[in-house]
Amino acid sequence: MGRGLIKNKYMTDFKTIKTIRDFDVSQKKVLVRCDFNADLDEKGGILDGYKIERTLPTINYLLERKAKIILMSHLGRPNGEPREKTSLKPIVKKLEEYLKKPVKLIPYCIGPKVEKAVKAMKPGEVILLENLRFHKEEEKNDLNFAKKLSEYGEIYICDAFAVSHRAHASLVGIPKFLPSGMGLLVESELNTLSQALGKKLPPLLTIIGGVKIETKIKLIEKLLKDSDHLILGGRIAYDILAGKGLCPSGNLPEEKTQKLIEKIDITNPRIHLPVDGVIILKNDGGGYLRCASLGQLRKEEAVLDIGPETIKVFSEIIKLARTVIWNGPLGKFEDERFAKGSLAVADAIIRSKAFSIVGGGDTSTFLRKYNLLKEFDFVSTGGGAMLAFLEGEKLPGIEALKIWK
């Protein structure tokens, strides 16, 4: 069939954007928007430092040139309020471990204490501002909030590819006030994804899993147009089936999402959904476990992984692909009992002759856990951002940098 991905205008357009190398950063205050949105364990420890690691080249570049480095990030969804569970304290510890030097966490991201800390900085020092999303103005793209942040720097660098599809204040507002460019991570992501677009061969298979249906549902229709086959798994698949009245254990989506689900024709032969699953009781202590077809599910049960029949079907589809884009695990891989589906899909991709592009925080965490990262042609830090880029959508966080060509 060979539908293939559309040609993305960014393949050449983004090359006109300034990069960190275009600035004299020596002894300058450089604001760096990072994405340190890592998953944490119950004790607040970082489960996977992949996103932090990928930002190190930019930070080290600035350290080598004796810049004053002011890092910014979000973590989780604190809904505009300070929450201890989403503090960046664990990020500081990991940064110090990687950089082998002190990193000071400022317990605010705006205000007199931030101003005082920035004024006291010496060349080669690193500070991290507290979670940007502790302020509702961040996600609302409040211009005054962006202006306050901009006052702490002389240069702005965006190195947060994974959230570049969001029109948030720290991403699209700050460039209105400061000379701006992209960091080494963002530059690498855009270059590599553009090269991947050039290398792609039909048939193109897109695999979408994970739990965030609200962030991916809008893309499914577009992905289907540009893909020869579309596999849906993870919580997303069961929520879609629940929305169609076919999976009693799925979460019934919100009205807005439900309307989008209704537009998806699951009888389309190019859409592939799970036919069976690994099932538990919702309120069970963990002893109950069975495999069954989705038609045999009961309301008190939950599906946490794809089943053996689904694995067979998905593996055969993967075998025929020449390009595979994968975003989102197929089950709750954190528990090894529910990692078999994702492992089988990973194995099928590795064994295939397909060029493989993988993206998303949960997917990279899964691949790192099982030492599979190096088996794929390209692993992006972005999930939604990667899919949006590959679909030719404008990324607000990248677009905002263009005013400084």
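Here, residue 1 is simply the first one shown, and the rest follow in order.
The backbone N, Cα and C atoms fix where each Cβ goes, and this holds for glycine too.
Unlike curated entries, TrEMBL annotations are predicted automatically.
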Residue among Arg21, Arg65, Arg166 sharing the substrate site, where TrEMBL lists Asp35, Phe36, Asn37, His74, Leu75, Gly76, Arg77, Arg133 as binders: Arg166
ATP site partner of Lys216, Gly360, Gly361, Asp362, Thr363 (as recorded in TrEMBL), chosen from Glu334, Glu336, Glu375: Glu334
From binding-site residues Asn37, Leu75, Arg77, the one whose Cα lies nearest Asp362 (ATP binding site): Asn37
Rounded Cα separation (Å) that holds between Thr363 (ATP binding site) and Asn37 (substrate binding site): 14
Recorded substrate site residues Asp35, Phe36, Asn37, His74, Leu75, Gly76, Arg77, Arg133, Arg166, farthest C-alpha pair in Å: 15
Per DSSP, three-state class assigned to Asp362 (ATP binding site): helix
Cβ neighbour count (within 10 Å, all chains shown) around Gly361 (ATP binding site): 21
